[in-house]
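Over in TrEMBL, the protein carries these features:
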- B:10-41: repeat 'WD' (REPEAT)
- B:55-96: repeat 'WD' (REPEAT)
- B:99-140: repeat 'WD' (REPEAT)
- B:144-174: repeat 'WD' (REPEAT)
- B:188-220: repeat 'WD' (REPEAT)
- B:295-331: repeat 'WD' (REPEAT)
Amino acid sequence: MASPSAISATPAAPDINEIFDNILLGEDRSQQVGYSEGYQQGLAQGYRDGFTAGKKQGIIIGKKVGYIHGFAISYLTLFETISFDDEKDRSKHRRKIKALCDLIEMVDNFPLSDLQYDSFFEDLEKIRAKYKQVCSLLNVSCTIDDDEEPSYAF
Amino acid sequence: MGQLKEVSCLNGHTDRVWNVSWNPTGTTLATCGGDKTVRLWGQEGDSWVCKTILQDNHQRTVRSTAWSPCGNLLATVSFDATVGIWDRRSGEFECNATLEGHENEVKSVAWAPSGKLLATCGRDKTVWIWEISEEDEFECASVLHAHTQDVKKVLWHPNLPILMSCSYDDTIKIHKEDGDDWTSFQTLESHTSTVWSIDFDSTGERMVSCSDDMTVKIWQAYQPGNKEGIQTTGKDATWKNLCTLSGYHSRTIYDVSWCKLTGLIATAGGDDKLCVFEEEVDSTGPTFVLSTAITRAHNEDVNSVEWNPKVTGLLASSSDSGDVKIWQYSV
């Protein structure tokens, strides 16, 4: 009695069953090959799309945060160069200066490039809220556009 | 069982009436709405008449109004994103300040009991706190971005420097001053849909809220060291849901008012119904039972309800139908 290993050891004579199997399962096999090729292509395409979308978002966020930072520093510099007539005059601007300093500190501490940072968007909203307060105190219009979806108002 | 009797129906608004607000002495009722005007009503003899119309200031719906504790200032908030401050110290009401900053519709406004702080909130999900200087100038003390949706109402605590806000995100949040800014330190979650309105009882130890989930909830403040053993943080009380009243309204409950004189709670809903609840204390603790209800109060959604602060049992309500009604509660 020949052992199964002895049969497969002779490659010159392919097993007729294997040939039939290959023909019979041909459709399945090419489906599998197609699937894994498609999967790999999808992964690559998804990565590219995700990268592009993320980059777009990142640019918007970076621009906003950068704008706010520059805005705050410019105004703070302006206040530092003003010579106040008296203490009363200075105290009138106290809240503005404090809010500007707070805003700059918030932006400085914001981990802009750390995508793993848990409260990224929460902190971003806090910066936006502080920016709105500063704009109100300085009596300038808030120029950051909101790209929010419209919703019903009651 | 009590009963509500209609005392007067005030006609004049040409669009839905969003809000009613009594002045601190209970002599004037301010109403506002879709016709962009604010009407001030007063009593002449036995009837209520429109004494003044404040108009041409807001470009869109006036959503809400609030009287300063001194009664001389009236704040109006509008869907046009602005807040108007009207002053009557010159004899007539004049709009002497417009506060800008909200990105879109402003929904609610409230004066702190000291009269030195004003809070506003709106669709842009923010709560703004304005400080009033000695020169009567309004300065933004903080912009709070605590809610994740439209903020429906703001309300100051009657004797503590804390502010409550409720929202389309189904929560109530509590804010307090923290250094030079304001911060949110507690979130009350229990309602399963939009929380439309809140009010305090006369002591400030309890609060009532009403919601799109068709329930009314009573909240209790547990102070540090409370005998019930409810955990608190620092010096702040912890607010917990004490009981829930359901099954009384069949649509959204838009407004609630807790009478500081009688302890009665009035609710108004999209089902055109007004309900009045009274507290009963039995061995199991406090419960609230329906005292009376008006099923067809206005023929359309009832948007707002408020007890008169000085006249016992006098209640004002307003509706989408454009009417404002004055009711008298009696036992």
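Quick reminder: no glycine exception, Cβ is built from N, Cα and C everywhere.
Bear in mind that the values here come from a model prediction, so they are computed numbers and not experimental data.
Helix, strand and coil content of the repeat 'WD' (B:188-220), in residues and according to DSSP, is 0 helix, 20 strand, 13 coil. Residues 48-55, 58-67, 69-71, 74, 76, 78, 86, 93, 300, 303-311, 314, 316-326 of the same chain sit 6 or more residues outside the repeat 'WD' (B:10-41) yet have a Cβ under 8 Å from a Cβ within it. Tertiary neighbourhood of the repeat 'WD' (B:55-96): same-chain residues 15, 18-19, 21-25, 30-34, 36-38, 40, 102-111, 113-115, 118, 120, 122, 136, 138, selected by CB-CB distance under 8 Å and a gap of 6+ residues from either end. Secondary structure of the repeat 'WD' (B:144-174) per DSSP (helix as H, G, I; strand as E, B; remaining residues coil): 0 helix, 17 strand, 14 coil.
If you look at the repeat 'WD' (B:188-220), the same-chain residues 6 or more away from its ends with a CB under 8 A from one of its CBs are 152-153, 155, 157-160, 164, 166-168, 170-174, 239-246, 248-258, 260-261, 263, 265, 267, 269, 277, 286, 288.
Per DSSP, the secondary structure of the repeat 'WD' (B:10-41) breaks down as 0 helix, 17 strand, 15 coil. Helix, strand and coil content of the repeat 'WD' (B:99-140), in residues and according to DSSP, is 0 helix, 22 strand, 20 coil.
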